[in-house]
Amino acid sequence: MAKAKFERTKPHVNIGTIGHVDHGKTTLTAAITKVLAERGQAEFRGFDQIDNAPEERERGITIATSHVEYETEKRHYAHVDCPGHADYVKNMITGAAQMDGAILVVSAADGPMPQTREHILLARQVGVPYIVVFLNKADMVDDEELLELVELEIRELLSSYDFPGDDIPIIKGSALKGLNGDKDELGEEAILKLMEAVDNYIPEPERAVDKPFLMPVEDVFSISGRGTVATGRVERGIVKVGEEVEIVGIKATAKTTVTGVEMFRKLLDEGRAGDNIGALLRGVKREDIERGQVLAKPGSITPHTKFKAEAYILTKEEGGRHTPFFNGYRPQFYFRTTDVTGVVDLPAGTEMVMPGDNVAVTINLITPIAMDEGLRFAIREGGRTVGAGVVSSIIE
């Protein structure tokens, strides 16, 4: 059979499987491709193909991740699955696999386990906005009341991390049955029900181009007789010639007007998300603007120095530190295009952080940076990456 070409007319959504080790994340991923392949909406990927995930490097961090893609009637999905717990931690913190929603896999036989809790916490910290639950191995639990208790426990756990536990869809089934082609309600039917829940419960993400304009400043130069140009890649939104923008971060926020947009030496009416542009700025001196600041739609982003973050510290093998660090650690934090020094406060009861750990920390920067929740950063020492993090909440 000739491979069906994926139609790109459907909306695209990024999802992934999360949950405790051996609860069936990879089996479920394989089962989804199996069931949808029979409908011509996916290419079947077996357990071993997914489990032997290739290693990728993201910001100098080695992460093993498997990517599969499939379609439902409504959408096209890119789905990530990781073999090891550490890979999930790294993936979620670096944003290597940006998830618009996640399928939390919980074994009905075990109920929520430590990594179930940790993955829910990580999803909350790094801004995975929606979770759908697959209660796996339901065929191994004969007692209906026991199943209901496990479901209740999952809902309470989700609510305790500020997810809407009462509203989240929980689908009971058996990934293994689905993978083995069983057509009953715990097999194929459960997989189709799960995909229907994902279709309906996880909303389509807002496209980058529809968000408020933001461009990190990479370089600045002056053109005699014309003024100052800031160059960079538009991260989100659109900027049109004649629009007012703010210069945010490092110094006091300033307003200016974009009097020209240039790309590949051609003048344009606008710059859009993904474009590498030069923006000509009215009345701005060369020394008024620098790398590390951002151009943004007025009022859309503010500068901050103190925030909470979830961070992953590289192992020695990944090129990270060989020794732990303690409270008051002062590395550089690389945001978008520049390094800023900051001080790390460890949570109460944590004496030190070892290479390979992930930890929730409070960070105080010496210079304000334009930020919002979900912003990713690298932790560096003298230009060498020793960690990665994501802003989970802003303090001031």
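Glycine too: its Cβ is placed from the backbone N, Cα and C atoms.
Taking Swiss-Prot as the reference, the stretch among 3-10, 19-26, 67-74, 203-210 described by the feature region 'G1' is residues 19-26.
When Swiss-Prot is compared with the stretches 81-84, 165-168, 305-308, 337-340, the one noted as region 'G3' is 81-84. Matching 60-64, 85-89, 150-154, 245-249 against Swiss-Prot, the residues noted as region 'G2' span 60-64. The region 'G4' annotation in Swiss-Prot falls on one of the ranges 136-139, 348-351, 380-383, namely 136-139. Under the DSSP three-state reduction, His85 (GTP binding site) is assigned to helix. Confidence over the region 'G4' (136-139), given as mean pLDDT on the 0 to 100 scale, stands at 98. Counting only residues at least six positions away in the same chain, the Cβ atoms of Lys25, Leu104, Val105, Val106, Gln115, Thr116, His119 sit under 8 Å from the Cβ of Gly19 (GTP binding site).
Distance between Cα atoms for Ala138 (GTP binding site) and Thr26 (Mg(2+) binding site): 16 Å, as a whole number.
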